[in-house]
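Copied from TrEMBL, the annotated features are:
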type	residues	note
TRANSMEM	75-107	transmembrane segment
TRANSMEM	128-147	transmembrane segment
TRANSMEM	167-189	transmembrane segment
TRANSMEM	201-221	transmembrane segment
TRANSMEM	227-253	transmembrane segment
TRANSMEM	265-287	transmembrane segment
TRANSMEM	341-363	transmembrane segment
Amino acid sequence: MIVILTDIGKKLPLKLVMICNNLINYTSETDIDDRYGDLDSRTDSDIPEIPPSSDRTPEILKKALSGLSSRWKNWWIRGILTLTMISLFFLIIYMGSFMLMLLVLGIQVKCFHEIITIGYRVYRSYDLPWFRTLSWYFLLCVNYFFYGETVADYFATFVQREEQLQFLIRYHRFISFALYLAGFCMFVLSLVKKHYRLQFYMFAWTHVTLLITVTQSHLVIQNLFEGMIWFLVPISSVICNDITAYLFGFFFGRTPLIKLSPKKTWEGFIGGFFSTVIFGFIAAYVLSKYQYFVCPVEYRSDVNSFVTECEPSELFQLQSYSLPPILKALLRRETVSLYPFQIHSIALSTFASLIGPFGGFFASGFKRAFKIKDFANTIPGHGGIMDRFDCQYLMATFVHVYITSFIRGPNPSKVLQQLLVLQPEQQLNVYKTLKTHLIEKGILQPTLKVSSLKRLVF
């Protein structure tokens with residue numbers, strides 16, 4: 001067609017030929033957009049509806065609460081299940097840090113499953129090839145990368161004894177990249193005509209889900225290694241805020257807080273804030289007394305297990321603080337003894353009660369966009385696991401940033417583990433450099449050479 005126009009162009013003005021060519025190009029692009037670009041014209045009302053989840057409330061509870069209104073029935077179901085989950089959480093804490101890590105991993109996988117399932121249900125009519133398989137494959141790759149980094153950082157002495165693990169750790173990042181690259185190539189090969197844009201939407205969906213779940217759960221485990229108290233106080237503060245905000249809103253709520261969550265009220269938000277700050281302050285005081293909670297979690301190769309034994313840092317030792325004049329008059333005392341961590345707990349609790357709920361608002365907006373009430377029906381009265389942990393992921397990032405910015409210093413244990421991995425010649429060089437440095441600072445006395453000693457004797 002362009003050739004014909006070119007021939008005609010010998011007889012027609014050049015400007016007319018250019019107009020015809022542009023018209024042909026525009027028509028071709030319009031046809032392509034009509035065929036393959038219908039996804040861009042979809043509005044929120046065009047999104048396929050997801051069938052409502054079935055009620056998984058135990059029959060015993062249904063019969064026991066059958067005479068109550070739906071409002072009070074939901075209140076009792078939420079209350080009973082909340083107490084059950086808190087009891088199980090205490091049991092896992094008692095079982096130790098390793099079980100807490102497994103709990104975090106299990107929650108991460110379940111949250112990923114719930115979000116990916118929503119995408120699959122919304123777009124299943126398009127029959128996208130390999131979508132679920134690739135999603136789980138990328139989850140495996142990202143977990144391999146993050147947990148491999150953790151093993152390299154905290155289990156260096158154990159890895160040093162195992163020859164096979166040494167190879168995996170040495171080339172860990174290359175292996176991780178190769179695994180991801182294989183998934184990337186599989187995605188490109190799975191692209192299907194007429195579904196290109198949708199497939200890229202779902203590719204982005206998977207990666208954003210990985211960012212929300214896997215990276216945040218990795219930060220939770222990093223916080224746990226700093227000491228169980230950095231894991232328990234933030235998580236329990238979010239739980240406390242969730243419970244107290246619900247109770248204040250249920251009994252006193254009158255003023256709507258945000259349109260995304262119509263049941264949230266200002267009364268619940270403010271009541272939850274004060275309750276959480278008080279709870280966090282008391283919890284920090286109680287937990288700071290025990291080495292089990294304040295000592296960094298370390299792996300000991302000699303006993304082949306995690307240990308929490310140390311000399312507590314100044315952060316977890318009682319200090320005397322002078323009171324402001326107003327409090328001196330009220331309390332009739334000049335000073336008060338507090339753990340420094342209690343002051344940090346105020347910052348953690350404030351974030352959990354003022355900023356943490358925005359993670360829940362974000363999740364509410366996500367659910368409204370896809371016309372669903374809950375992410376799943378795993379927990380009766382609560383919804384899915386993601387419905388309970390939407391604020392926790394935001395909190396985990398804040399705690400990690402807070403520790404690295406204001407708390408963490410050089411970790412002698414971690415430095416020692418890295419030194420043990422070095423070659424003997426490298427270890428000797430480090431020893432000589434450190435010895436010279438300590439002598440210059442006057443901490444060590446310089447040793448006399450043998451020739452100098454002979455002169456002193458004779």
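Sequential numbering from 1, following the chain as shown.
Glycine too: its Cβ is placed from the backbone N, Cα and C atoms.
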For the transmembrane segment (167-189), which recorded stretch in the set 75-107, 128-147, 201-221, 265-287, 341-363 gives the largest number of Cβ pairs separated by under 8 Å?
128-147
Out of 75-107, 128-147, 201-221, 341-363, which stretch touches the transmembrane segment (265-287) the most, going by CB pairs under 8 Å?
341-363
Apart from its near flanks, which chain residues at least 6 from the ends of the transmembrane segment (75-107) lie with a Cβ under 8 angstroms of it?
57, 61, 65, 68, 143, 217, 220-221, 224, 228, 231-232, 239, 243, 246, 250, 297, 305-306, 308, 379-382, 385, 388-389
Other than its close neighbours in sequence, what residues sit by the transmembrane segment (227-253), given a CB gap under 8 Å and a spacing of at least six beyond its ends?
75, 78, 82, 86, 93, 97, 100, 220, 263-273, 275-276, 279-280, 283-284, 287-288, 292-297, 308, 316, 341, 345, 348-349, 352-353, 356-357, 388, 391-392, 395-396, 398-399, 403
